[in-house]
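Colleague: Structure incoming, see below.
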Amino acid sequence: MLDPNLLRNEPDAVAEKLARRGFKLDVDKLRALEERRKVLQVNTENLQAERNSRSKSIGQAKARGEDIEPLRLEVNKLGEELDAAKAELDTLLAEIRDIALTIPNLPADEVPVGKDENDNVEVSRWGTPREFDFEIRDHVTLGEMHSGLDFAAAVKLTGSRFVVMKGQIARMHRALSQFMLDLHTEQHGYSENYVPYLVNHDTLYGTGQLPKFAGDLFHTRPLEEEADSSNYALIPTAEVPLTNLVRDEIIDEDQLPIKMTAHTPCFRSEAGSYGRDTRGLIRMHQFDKVEMVQIVRPEDSMAALEEMTGHAEKVLQLLGLPYRKIILCTGDMGFGACKTYDLEVWVPAQNTYREISSCSNVWDFQARRMQARCRSKSDKKTRLVHTLNGSGLAVGRTLVAVMENYQQADGRIEVPEVLRPYMNGLEYIG
């Protein structure tokens, strides 16, 4: 959520920055609501002061032996007027907050202006895509050859966009997540966490999934006797529970940065993606991901974004997977991000790069919703922290990249050297 003072005092400047990301801010409506808020605020404060003054007069009149009934009736009337004024003000403030919750973050100045993914800017490339001297098989064909990917079974169990993994393919999927966690915890300084896969609505508001993206979530539906369960949804990413661990907390600045990682399944309805990537593991309703989250001082967040992106890149480099790094344009960034890097891995069967990691600086956008603050050791003042999140990496898409980039002419899949310790020294699948 943006700073209310910024919306209140600099609406035109905010509107100009939001226009860069294709969002039209209704400045006239905001101004009208703000003027109304000022009037109601003054009226409420005046009624409160008048009621306090009259209440004090009751005690004085009583001490003088005067009839206090007229004053008491007047105080009661003022109390009713005050309650009505407070209710009207609260309703208006709720309307303003509801509007604020739908406004995306401001883009950082260095983010390229653009409309969609076609305007993203490539920053760098690593590795050279392999040249094959045989016909390339895609990961679905390879998975079926080794009885490792069973989409038909998943359709029977659940429906489309799910998979059953088996045998050595399932083992490699597990090995990838373990390798990523070990790398981030042992070399990159993250602490490993195990988090709930169901979270409440306060948690989803904190990281910005609600109210705007309710349709992208899988919500629980209560049985009649279990009404309390209606307040849950499955996590779309471990960013949600990890970041909310600092909700309503005040952290000493010398405890920052806080760097957390977790391996979880992620659940997304993929609303709006009908017909896209219907074959294989690229776009699933349920997929695994190793997530990175950092909680930092405001002045450190841009450097932390570079560091975090480097941590995701290291996974790809150690796996020997060619990739490119791009900076998202204003029109393609996520709702809460001020700056985002995407890493796209080479997928041979598609002859293109596909997103495998997204690393974002969110500034204080989530922290304001969560009321997550840090305290200076010198003057004890508090301020909002900055939060960052990144994929390190999406496990299923990494599996796709490994299967396709490491395939052999006879259909076998070479196991990358860094994964062999997790697979009992296995060199090839098949």
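In case you wondered, yes, glycine gets a Cβ from its N, Cα and C as well.
According to Swiss-Prot, the protein carries these features:
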{"type": "BINDING", "residues": "T237, A238, E239, E291, S391", "note": "L-serine binding site"}
{"type": "BINDING", "residues": "R268, S269, E270, E355, I356, S357, S358", "note": "ATP binding site"}
Colleague: Within a 10 Å radius of its Cβ, which of these binding-site residues (S358, S391) has the fewest neighbouring Cβ atoms?
Modeller: S358
Colleague: Where does R268 (ATP binding site) sit by DSSP, helix, strand or coil?
Modeller: coil
Colleague: In whole Å, how far is E270 (ATP binding site) from E239 (L-serine binding site) when you measure between their Cα atoms?
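Modeller: One finds 18 Å between the Cα atoms of these residues.
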Colleague: Whole-number Å only: compute the distance from the Cα of R268 (ATP binding site) to the Cα of T237 (L-serine binding site).
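Modeller: Spelling it out, the Cα of R268 (ATP binding site) and the Cα of T237 (L-serine binding site) are 9 Å apart.
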Colleague: Quick one: among the binding-site residues E239, E270, E355, which has the most Cβ atoms sitting within 10 Å of its own Cβ?
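Modeller: Result of the Cβ crowding comparison: E239.
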Colleague: Can you tell me how spread out the ATP site is, meaning the largest CA to CA distance among R268, S269, E270, E355, I356, S357, S358, in Å?
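Modeller: If we measure all Cα pairs in R268, S269, E270, E355, I356, S357, S358, the largest is 19 Å.
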Colleague: State the Cα to Cα distance, in Å, between S357 (ATP binding site) and S391 (L-serine binding site), rounded to an integer.
Modeller: 5
Colleague: Among the binding-site residues listed here (T237, A238, E291, S391), which has the Cα closest to the Cα of S269 (ATP binding site)?
Modeller: T237
Colleague: Can you tell me the CA-to-CA distance separating S358 (ATP binding site) and T237 (L-serine binding site), as a whole number of Å?
Modeller: 12
Colleague: What subset of the binding-site residues T237, A238, E291 lies within 10 angstroms of I356 (ATP binding site), using C-alpha positions?
Modeller: none
Colleague: Given a 10 Å Cβ-Cβ cut-off, pick out the one of the binding-site residues T237, S269, S357 that has the most other Cβ atoms nearby.
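Modeller: Ranked by Cβ atoms within 10 Å, first place goes to S357.
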